[in-house]
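Chemist: Quick one: the structure is below, questions incoming.
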Amino acid sequence: MMPLLHLAGTLIMALFLSCLRPGSLNPCIEVLPNITYQCMDQNLSKIPHDIPYSTKNLDLSFNPLKILRSYSFTNFSQLQWLDLSRCEIETIEDKAWHGLNQLSTLVLTGNPIKSFSPGSFSGLTNLENLVAVETKMTSLEGFHIGQLISLKKLNVAHNLIHSFKLPEYFSNLTNLEHVDLSYNYIQTISVKDLQFLRENPQVNLSLDLSLNPIDSIQAQAFQGIRLHELTLRSNFNSSNVLKMCLQNMTGLHVHRLILGEFKNERNLESFDRSVMEGLCNVSIDEFRLTYINHFSDDIYNLNCLANISAMSFTGVHIKHIADVPRHFKWQSLSIIRCHLKPFPKLSLPFLKSWTLTTNREDISFGQLALPSLRYLDLSRNAMSFRGCCSYSDFGTNNLKYLDLSFNGVILMSANFMGLEELEYLDFQHSTLKKVTEFSVFLSLEKLLYLDISYTNTKIDFDGIFLGLISLNTLKMAGNSFKDNTLSNVFTNTTNLTFLDLSKCQLEQISRGVFDTLYRLQLLNMSHNNLLFLDPSHYKQLYSLRTLDCSFNRIETSKGILQHFPKSLAVFNLTNNSVACICEYQNFLQWVKDQKMFLVNVEQMKCASPIDMKASLVLDFTNSTCYIYKTIISVSVVSVLVVATVAFLIYHFYFHLILIAGCKKYSRGESIYDAFVIYSSQNEDWVRNELVKNLEEGVPRFQLCLHYRDFIPGVAIAANIIQEGFHKSRKVIVVVSRHFIQSRWCIFEYEIAQTWQFLSSRSGIIFIVLEKVEKSLLRQQVELYRLLSRNTYLEWEDNALGRHIFWRRLKKALLDGKALNPDETSEEEQEATTLT
C-alpha cells in the first residue's frame, strides 16, 4: 500500500511542476527584459540556464559558485558585462568562458582564486576591462592573461602582489591603457621590472601605484620609460624617502604625474622645495599635487616646473600663490579645496585655463592680468564681487568660459565690455545685484549658455536678455517675476533650445511670451503656482519635445487642447491640483487620450472634490457626468418654471387684482372724478390748491384722496386699486422731484398705466409741479417717454399762469363727466366768467 501512496505523491508533484510556466522558478530579477538580469545573493551553486540567450548584462555576485567549470556560459553568447564578485570561486577550469566572444567587462572581485591555468581566460577575445581586486593574487607572473589582446584596463588592486615586474606576456597586450596596482605590497622598483615598457615604447600606459609601501626605487629604473600617467599617492613614509625616490626617477617621460597623499591617508611630515628638486630630471607635461599638509609656499618657484603645461593643487595647505614668475609657461592651473588667502593676483601671459574652487578661506575677488585666459572657474568660494564684469576685471579679451556660481554678492556694474567672446556664463546660487537695472548681457552676442538660477533676482525689466541672440540654454530657476507674471523677456533669444523656469512663483503667463522661441526643445515650468493649463501659450513652439508643468496648482485647461505642438513627445503634469468634476470633463478625457506622452499619467491624482480626493484621474468616468447632467437639467428646468411663475404672480399681483376689479366694476358708475397720485412732500399743495379749487369751485369735482377717502383696516394697495382706480374716472399724477424718487409713487403710477390700458381711455392727467432735471427724469424711462410724447400741465405760481392752469385742468376733468341741470347752469356761468 505504501509504495502506491509514494507513487501517487510523485505523480501529483510531477503534474504540479509540469503546470508551472517555464522560468517561473528563476530567482533572478529581470531589470531590462531580455537584456539585464540581477541574480545577486540568491544562493546559486551553478550558473542558471533559464536566462534568455539574448542577455547582455548579468550580475551573479554573492553566490557560492566555488568552481567555474568548462562551458559554463555557452548559453550567453550575447553577454557583454558579467559580475562574479565574491562568489567564493577558487578554481577556473579551462574553457570556462567559452562562447563569451562579446564580453567586454568581467568582474572577479573578492574571489579567493588559488591559481590560474594557462587557459583560464581563453575565449575572451573582446574583453576590455578586467577587475580582479581582492583575489589574494601574489604575483602578475601567474596571472595568465596574455590571450586578452583587446584588454584596455586591468585592475588588480588590494591584492598581495610584492613585485612590480610586468611579465613578458604584457607584450601581447598592445591595447592596454591602464593598470591599477594600488594597495598592494610593492616596496621596490628595479630596472628589470619595467623592461616590457622599455622594449615597447609605443604603449601609452597609465600606472597607479598608490598605497604601496615603496621605500626604494633603483637608479635608472625609469630611464627611457614613457607613461601617459603615473600615480604615486600615500606611498612614502617620510619626506626623505620621497626625495630619494624622485631623484631616482631620472629619465622618465610622463604626460601626467600625480603625487601626494589621500585625504585620510597622511604620512609625510613636510613637503618643501628640496623634495621637489628630483622632478627636475623628469619630463612632465601635467603635474598634480594632492592633500599635502605642510607645504612650502616657495615650491611653485621651482624652475623645473616652469615648462609644464598644467599645474594642479587639490587639498594642499597652500596659503598664497601670488609670485609665480611671468616666464612660467603654465597653460592650465587648478587650485581646489586649498587655503588661499588673499585672492591670488596672477599675471601669467600663457595661462589659458584657471580653476579656483571650494577655497577653505574667505577671499574677495581681485583684478587679474591673464591675456590668454579662455577658461575661468571661480565657483564655490563664497567670494564677493564689488563690480562685474568687463575686460578690466580679468585682463583678457579671449574669455569663453566663466563660472562664478555658488559665491556671495555679485554687483553687476558693467555689461561685459571686452568679454564679447564669452560662450558659457554661470551665476547660479550667487546673489546678483542690479542685474535688472540695465541690459547687462547686451555685449554677449556669442553666449550659448547662461545660468542665473537661484540668484535672488526679481525680473521686472523686459530688456534683461537683450543681446543674447545666440543663446541656446537659459536656466533661471528659483527667481521671481513682477506680479508673479511671466513677462515678454524672451523676444531677443530666438535660438533657445533649453529653458528652465522652475520654482519662479509664477501664477500667470503673458500672451505671446514664447511666440519667438521656434527652436525651443525643452521647457521646464515645474514647481510654480499656475492655476490653468493654457495650450495657446505653447502653440508657436514648433520644435518643443519636452514640457514639464509638474508641481503646480493646475485644476484644468483653458482654450483648445489641440493647440499643443505636434512635436511634443514628453509632457509632465503630475502633482497638480486636478479637479475631477464634470465641468472639466473635456480636460479629463484629454488626459486619458494622451496617455502615450504624459509622464506617469497613471499616478495623477484628483485634488477635488472631497469625495474624489486622492483617487486616480484615469478612474474618472464620463457616464457619471451624463447622469448628473440629466438630474441637474431636470432640476434646473423645474426650479426655473416654478420661479418664473412665482415671479410673474408676485410682479403682476396688483395688476391681476386690477384686472379682476375692472371686470367687477365695469358696469358701475364712477364715484370720483379723479384719483390723485402725489408725493407726501407735496401734500400741502394738494390740500391748499388742488382740493380748494376743484372741490369748492364751479363746476365742482369730487377727488379721491388717500388721507381722506381710503377705508381704514384695508391694505393700502387694495385701497389704491378698489377705492382709487375702480371708482374714479380719471387719474391726476402730480409729478415732482420727490415723486420721481419715491418707489411707492412710481408703483402707483405703474398701476395707473395698467388701469388706463384696461379701461381703453385716456384717463391720466399729468401735472408737473416743479422743474425736474432731465437726468433725474430719465431714471424712469417710461414716465420720461410719456411726458415727451403727451400734453401735460405745468404749475406756474402767478395770476395769469394760475388762470390758464385751472381752466385747462377743469376742461380735462369735464371730459366724459355726466352733469345735472344745476351743474350745467353753474358751468355756463363759470364759462362766462372765465371768458
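Sequential numbering from 1, following the chain as shown.
Placement of Cβ uses the backbone N, Cα and C atoms for every residue, glycine included.
Keep in mind it's a predicted model, so treat the numbers as computed, not measured.
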Chemist: In Swiss-Prot, C625 is disulphide-linked to which residue out of C580, C582, C662?
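Modeler: Answer per the record: C582.
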Chemist: Just to be sure I understand, if DSSP states are collapsed into helix, strand and coil, how many residues of the repeat 'LRR 8' (226-247) fall in each?
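Modeler: Helix/strand/coil tally for the repeat 'LRR 8' (226-247): 9 helix, 8 strand, 5 coil.
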Chemist: If you count Cβ atoms within 10 Å of the Cβ of C389 (disulfide bond), leaving out that atom itself, what do you get?
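Modeler: Looking across every protein chain shown, the total is 24.
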Chemist: Quick one: Cα separation, C280 (disulfide bond) versus C389 (disulfide bond), in Å?
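Modeler: Cα to Cα, C280 (disulfide bond) and C389 (disulfide bond) are separated by 40 Å.
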Chemist: Could you give the residue numbers and ranges of same-chain residues that sit at least 6 residues beyond the repeat 'LRR 7' (204-224) on either side and whose C-beta is under 8 angstroms from one of its C-beta atoms?
Modeler: 157, 164, 176-191, 193-194, 197-198, 230-237, 241, 244-245, 248-252, 262, 265, 282
Chemist: With DSSP helix as H/G/I and strand as E/B, how many residues of the repeat 'LRR 7' (204-224) fall in helix, strand and coil?
Modeler: 0 helix, 5 strand, 16 coil
Chemist: Rounded to a whole number, how many Å is the Cα of C304 (disulfide bond) away from the Cα of C606 (disulfide bond)?
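Modeler: About 70 Å separates the two Cα atoms.
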Chemist: Same chain, outside the repeat 'LRR 8' (226-247) by at least 6, Cβ under 8 Å from its Cβ: which residues?
Modeler: 177-178, 182, 197, 201, 204-217, 253-262, 265-272, 274-279, 281-282, 290-291
Chemist: Looking at the repeat 'LRR 8' (226-247) alone, can you tell me the average pLDDT?
Modeler: 94
Chemist: Could you state the CA-to-CA distance between C625 (disulfide bond) and C606 (disulfide bond) to the nearest Å?
Modeler: 16
